[in-house]
Structure formats: C-alpha cells, structure tokens
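Chemist: My questions will all concern the structure given below.
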Amino acid sequence: MGYAQIVATVLAGAITVVAVYLAVRAVMTITAVIRQGQPDPARFEDPKTRTKTMLVETVGHTRMLKWSAIGAAHWLVMVSFVILSSLVLEAYFEVVSPRLGLPIIGHWVVFGLVTEWIGILGTLGILYLVFVRQRQKPGKVKRSRFLGSTMWQAYFVEAIIIGVLIFGFLIRGFKVATGHFEYPLWATPLSHAIGSVLPAWADGATWMALIKILISMSWLITISLNPTMGVAWHRFLAFFNIYFKRSPEKPAGSGLGALKPMMSEGKPLDFEEADPEKDLFGVNQVEQFTWKGLLDFSTCTECGRCQSQCPAWNTAKPLSPKLLVLSLRDHAYAKAPYLLAGGGKDLMGEEKATEAQLAHMDVLALAEGNRPLIGGVDENGVIDPDVLWSCTTCGACVEQCPVDIEHIDHIVDMRRYQVLIESSFPSEAGVMLRNLENKGNPWGAPQNTREDWTKGLDFEVPRVGEAEFDYLFWVGCAGAFEDRAKKTTRAVATLLHEAGVNYAILGEGETCTGDPARRIGNEFIYQMLAQQNVETLNEAFGDQKVKRIVATCPHCFNTLGNEYEQLGLKVEVVHHTQLLAHLVKEGKLTPVQPIDGEVTYHDPCYLGRHNRVFDAPRELLGSAAGKDITEMPRNQERSFCCGAGGARMWMEERIGKRINVERTEEALATGAKTIAVGCPFCYTMIGDGVTGKGKQEEVEVVDVATVLLRSLKQEA
Ligand code: SF4
Ligand code: SF4
C-alpha cells in the first residue's frame, strides 16, 4: 500500500464515519417526527397484499410509467442507484488497491457487464431527467409543475448521481490503462474506451475511487442535514409509504373512492359516544394527523405531478396539493423539537408543557408550535383556509402521485375540524348543510316532490314494496329535483323499462347519501343521513341475497358502493352507463340511428378516477353515435374536473378562472356538437359553461343515457 492509498483510505474512512453518524441521527429525527402522529393500526393489516403492491409499484414503476419516457428514465436511475451502490462499496476496496474489488462477485464478468450497462443507461436516464427539469422549469412554462419545488436540492441530487457515474467509469478507465481491469471488452466497452485514452497513472484508480466516495458521502451528509429533503429521502421512504397505503389492493391511488372515516385513537369515531373534549374531531394540529400522514409529508419528492393535474392550481386558486404537502412537512419538522420537549396543545387548546419546560425550549420550535395550522396570512397560519376550500376532491393528485400520498384525506381531515369545531366554512355552503339536515336534500325541496320526475311518463315506475326487483334504482337528489338531471332520470327509467329490467325506486324513502356533507367536512350530517339510508336499504332489500343498486350520480354511486360499507351495508352498485352498456351487449337495447356530429365525453371524477369506470360510457356512446368519440386532451385517468366535487357545487368560485369554464373550453375545442356527461353535477357545470360561452344553440350537453335513448329504434 503506497502513500496515495494510505491518504485516500484515511480520508474515505473519516468522511464515511461523519456521514454515517449524521445519517443515523437524521433517520432518528425522521422516525421521531413520524411517531408524533396518531395511531392507525389498520395500516398493518394484510401484509401479503401490501408487500405485493409495494413491489409492483416500486420495481415495476407502475405509477411512474404512466408518464412513459420520464417513468422509464426514472426507473433506470432507480435501478442504477441500487445496483451502483455496490460500486460505491467497491470503491472502498479500490482506494486500498486498484487490484481489489467487491468480495465474491467483484471479479465476476456478469457483475462487470450488468454494472457497466446499468451505469450507461443510468447516465442517459439522469441526463434526460435534467433535460425535463430544464424544459419545464418555472418561468419557462406557465404554471410549471416544479414551481415551489426546492430546485437546488433536485439539481444537487442529479449532479451527485452524474458525478458518481462519471467517476465510476474513470476508476474503471484507469484500471484498464494500468492493466488491472479484469472484465473483457465485450462486457465493458465504455470502460475500455475510456481506458484507451487515459494515461497509465498507477494511482489514478485510487484517487478516482476517493473522489467517488467523497461525492457519495457529501450527498449523505447533505441529506442528513436536511431531513425534509424529499427529493433524496423518498428513495428510502417511498417503499414504506407505498407499503402502508390505505387500500393496498387498489390499482390507483390508495386515497381514492371512499374517504377515510373520522378516527380517534386509531378507531373510527362513534358519533353517539364521541366527546370533542376527549376525541379528535378532524385535524387542527399537525400531530393530529396519523403517523401515516406524517410519513406522507416526509416522502413527497416535490415532483409536482399532483400540482400539474390539479384543477384548482390550473385555474389560479391558492391550492396546490404539492405546496400543501410541503407546508405541512416543513411545519411538522420545525415544530417537532417543541413536541419532543413535552410541548403541544390538548384538545381544549391548553399548553401541555410546564413553564420550566417552555423556558428551555428552542425559540424557533416554540414559535412554530404556536402557529395555527389553519389560518390566513394575518394569523401566520400554515394552511390558508382558501387552500382548503379550493379542493374539489377530484383525486387527480392522488392518482398521479408516484409515492401514494393521500392528499384528499388530509384536506378533508382539516375541513372536518373547521366545520365541526370552528363552524368556519364558506357561508353559502351553510344553506346546503341546513337543507340536508332539515329536508334530506341539498336543494331543500319538499320530500313529497321526490317522485315528480315520473309524471308524464307513459309507463308506471315501480316502487319498492310494490313489486319484485333485480335493481334498486337510486335516483339521487339531483336526479329527483334538478331540471337537467331529471331528464337523465327519465331517460334511464325509460331505457330500463324498454329493456325489461326489473327495477324499483325508493321514491319518498330516499334521502341524500350525505356525500356533499362528508366532503365539506360535516361528518355529523353525513352519519345521520347515511345511517338513515342504510336502514331504508336494509329494509328494502329484506332477505335478498344479491343486493344491486343502479345509480345515475357518480357521487351516490361512490358513497353507496364504497362508503356505506363502513356502516355495515354491502351492496353491489353499478352506474347507469355500466348497466346500459350491458343491456346493449345483450341485445336488449339496439341503437340504430346514429346521432349527428362529433361526440366528446367528459369523465366524471367520481366515476372515472375514483372508481375506474372509463369504458362503459365510451362503449355506449360509440354504439349510439355509430363512431368513435372525439376525446378531449385530458381524458380518463387524467380527466379534468368540472369543478363541482368536494361540495364545491354549493360554494361560490371567487378566486381565479372558473374550473367549469376551463373544462368547457377544452370540450368545445374538440369541435364536438354533443358533450356527453355521466354525472348530474358535471351536467350542470358544463351546461352552464356552454351557455356562458354563448354556444348553447350549436353544442348540446346531455347525459350518455339521453344519447342512447335518442339513437334507439323506438325513438327513430
Ligand atoms: S383532489 Fe383535485 S382539487 Fe383537490 S388537491 Fe387534489 S387535484 Fe387538487
Ligand atoms: S405527486 Fe406526490 S410526490 Fe410529487 S409533488 Fe405531489 S405529493 Fe409530492
């Protein structure tokens, strides 16, 4: 061992000791922050499915690959990070002697071959990611997905990866040049090519290996000093975050479909027993999120995919799901020393720490501990209330997030506290809540007018109790009271009648499913309505083995099918487009008269993204129109919300561009004469959008069922 090797070994050892010490300390900090969260025992259930999902999503990169080229590049970088970590380890042997390699596999030609090609492809992958970041950087493109991301951290990580890869090839090159390289040319062509132009410097490999170690350890030191550096830490945390996702069996984001029930001490809150002095009613302090929430915040990579798809962000509202997560993360880490030193507020807002404890606390952490979680700029709040109320719960963020962050649950948890404890929410939504409480529907229509839509039909609509039925037709409040939606209800009833389907309605027995109350955060009203409906449905189905419901409203469809299970009702729910598509396939309905002009289709968020029903409405429209539909640029999983979800239907849209206008412009740009919808709220929003544009004479907005009805032989 020469002088160079001794110096390099000492330096490599010293920096490694420092880096490992800091990394252990950072891991302890991250763990301590996450442990501040509330219990959530359900996350440990079903380890088999969880493991499988985690492996599929990470190794298979299933979510990232939706962004094909970027996903492929990221996959290469991920694989190169894992495989080439072995070469960083090998560098510790190479500083001692260029003849040394990793024990056992270090001189194996397959190892040389794999690491060579992974190194080449990883370099191309990271260069492509740098190029994408440059091409989409803030200032260069409007509303860049990287706006608000900590850019230096991403460039730092990318530079480190490039540096490690370059110095890896230089080590090999000097080994080639000095005759210490054991792998053949066919397996390691780039290393041989580099070696052919390098001088035969005996200590070259040693110094290159030292630089590679210094670069790697400076990365470890930097990320250890910055435990909120998600762009680096997600490499480790993403595995856990995906493993612990809420519904591991779901192909899309875990936080779609049903909302997380209100929890207190790891159990769903029982409203009959609940006491706001002892139980959590939503979230008002960052430590009131579950530990999984805090893990979510820690794992965010700052990639901005969620931001790029968010309808609120894209229409200049103050909400960006990424910035929301980053604010919660930064606050959680800044507040952690205060909490860990015994500070924190109890449910009545009283300080838990003693005067003596407070006197010894870190001043910045204490200040952060006293910051309100929700509050406007003048209150120095972490999250502005306008951010919370801008969300349509469309699920685009959850769907796109590569590490399965559950944004909607966090937003609704904060809404719950605002509504249930603070009674603080957009005042116009109060009318809707009062109507739900007093009349059982958001419009406040009298219950005895629920069946008015049946008037004038030339057949009798069967009621539950009057006849046997295979499908309970859940009409929904919009379908019963709202003029445009009533057309859909009548069309569906007519089609079911024509096809000879045994169905029945609840009529005056139906009330709102509670979806708008739940999404705005009023779990109390939701529970009241939901329990009433569960009782009515149990009675209606009696001892029927197969309990099937057909619903025209995707919000009812989602609540009945996914959320009533939390109250013990298990039913099979289909959307009317699914049932009608089935009837067309069976030959029970035969479209014969194609409709005029092009047709486009707007995917409702709660039908498409939340429940993966993309094909049935398209099949129906295809058969009714006699041709393929003209898709909007944003369709299916990437569809753009109409602006009505998350109870936004009952709130004024005062900030930015109206979401329905943005979507209507996209629909109109297709040149279609018919904009088909599958949701009464989308019907209203897009319908208003078309009227607002003065295009109502040229372009018609209709439900898919109406399109089908018009194309039937009987109608022709
Ligand atoms: S659910 Fe939709 S509106 Fe809400 S933050 Fe996510 S993308 Fe934005
Ligand atoms: S998509 Fe997920 S990881 Fe990316 S910025 Fe949004 S929350 Fe963070």
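Here the Cβ of each residue, glycine as well, is placed from N, Cα and C on the backbone.
Heads up, TrEMBL stuff is auto-annotated, nobody curated it.
Straight from TrEMBL, here's the annotation block:
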- 6-28: transmembrane segment (TRANSMEM)
- 72-93: transmembrane segment (TRANSMEM)
- 105-131: transmembrane segment (TRANSMEM)
- 152-171: transmembrane segment (TRANSMEM)
- 183-201: transmembrane segment (TRANSMEM)
- 213-233: transmembrane segment (TRANSMEM)
- 291-322: domain '4Fe-4S ferredoxin-type' (DOMAIN)
- 379-411: domain '4Fe-4S ferredoxin-type' (DOMAIN)
Chemist: Kindly say whether the transmembrane segment (152-171) and the transmembrane segment (6-28) touch, using the definition of 3 or more Cβ pairs under 8 Å where each pair is 6 or more positions apart.
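Modeler: They do not touch: fewer than three Cβ pairs between the two stretches lie under 8 Å.
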Chemist: Which sequence-distant residues neighbour the transmembrane segment (6-28)? Criterion: at least 6 residues beyond either end, Cβ under 8 Å.
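Modeler: 91-92, 95-96, 206-207, 209-210, 213-214, 217-218, 220-221, 223-225, 227.
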Chemist: On average, what pLDDT score does this prediction assign to the domain '4Fe-4S ferredoxin-type' (379-411)?
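Modeler: Summing pLDDT over the domain '4Fe-4S ferredoxin-type' (379-411) and dividing by its length gives 96.
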Chemist: Given a Cβ distance threshold of under 8 angstroms, which distant residues of the chain, six or more beyond its ends, lie next to the transmembrane segment (183-201)?
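Modeler: Those are 109, 112-113, 116, 119-120, 169-170, 172-177, in sequence order.
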Chemist: Could you give the residue numbers and ranges of same-chain residues that sit at least 6 residues beyond the domain '4Fe-4S ferredoxin-type' (379-411) on either side and whose C-beta is under 8 angstroms from one of its C-beta atoms?
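Modeler: Non-local partners: 57, 63-64, 66, 234, 237-238, 241-242, 245-246, 252-256, 259-260, 283, 286, 289, 292-293, 296, 299-301, 303, 305-312, 317-319, 321-322, 324-325, 327-328, 331, 371-373, 418, 424-426, 519, 605, 609-610, 637-638, 640-641, 643-646, 648, 651, 655, 659.
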Chemist: Can you break down the domain '4Fe-4S ferredoxin-type' (379-411) into helix, strand and coil residue counts using DSSP?
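Modeler: Counting residues by DSSP class gives 16 helix, 1 strand, 16 coil.
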Chemist: Using a Cβ-Cβ cut-off of under 8 Å, list the residues of the same chain that are 6+ residues beyond the ends of the transmembrane segment (72-93) and lie near it.
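Modeler: Residues 12, 16, 58, 61, 64-65, 100-102, 105-106, 111, 114-115, 118-119, 121-126, 128-129, 132, 161, 164-165, 168, 171, 209-210, 212-213, 216, 235.
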